């Protein structure tokens with residue numbers, strides 16, 4: 001392990017192995033503790049894509065809210081799952097299967113197409129032609145705006161799905177899906193998230209599907225690994241302190257350097273200023 005690898009692992013808090021049940025408990029307790037300390041909060045809001053990460057955070061959140069209601073007798077504690085399609089989503093069935101699995105207290109659907117297209121048109125009227133890639137980032141940021149709109153009307157906080165395998169590469173939109181109040185699975189890599197979903201009894205197809213941000217229309221359902229040029233297994237091995245090929249290590253470290261500006265992290269399980 002080189003010095004940079006050790007530094008990255010320490011910063012992202014990744015462990016070489018985990019006990020899935022203990023990490024489930026840890027994330028749930030983190031979310032509950034934040035609610036107990038901030039008694040004006042009554043809901044958590046999370047965008048649901050139908051992929052592994054939002055399915056995991058959603059399942060953990062519903063567990064936390066069920067326990068909060070049982071422990072306090074306050075039925076106003078609610079988990080609000082939000083579908084945020086741009087028009088029609090190709091894998092809508094996966095998103096609905098994820099919501100059914102996590103048994104969210106409330107489900108809202110906000111079609112972001114009108115807002116995104118209006119912004120693109122407004123920019124065009126000023127002479128700015130938005131690229132397909134940039135439009136994808138606008139989609140992510142509109143989704144963030146919608147979630148905060150819902151949270152603001154429901155005494156809520158917005159949850160993010162950032163984890164260490166995503167954070168190391170900066171594979172998220174700054175002030176888009178990177179915009180959140182709490183990130184309950186920060187410290188985990190991709191395979192550890194899979195292990196936690198297996199422990200929770202999630203349908204396999206929700207965490208074995210090919211990961212994709214699916215933001216670009218010119219390249220629909222572009223696999224994360226193709227966009228990054230490195231596999232999640234290689235990223236996970238790197239984060240667990242294992243040896244990876246020189247080519248993979250270079251790509252991972254280049255992504256880490258290039259996206260350093262994105263890692264001004266929201267509140268994690270390791271922050272103590274709010275306690």
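Using N, Cα and C of the backbone, Cβ positions are placed for all residues, glycine too.
Cross-referencing 22, 32, 139, 190 against the ATP binding annotation in Swiss-Prot, which names 47, 48, 49, 50, 51, 52, 53, 54, 161, 212, picks out 190. Per Swiss-Prot, the deamido-NAD(+) site holds 141, 181, 261, 262; the candidate it also names there, chosen from 135, 174, is 174.
Closest in space to residue 262 (deamido-NAD(+) binding site), of the binding-site residues given as 49, 53, 166, is 166, taking the CA atom of each residue.
In this record, ATP is bound by 47, 48, 49, 50, 51, 52, 53, 54, 161, 190, 212; the longest C-alpha to C-alpha distance in that set is 19 Å. Put simply, 161 is the one of the binding-site residues 47, 53, 161, 166, 212 whose Cα lies nearest to the Cα of residue 181 (deamido-NAD(+) binding site).
When secondary structure is read from DSSP and collapsed to three states, residue 53 (ATP binding site) falls in the helix class.
DSSP classifies residue 47 (ATP binding site) as strand under the three-state reduction.
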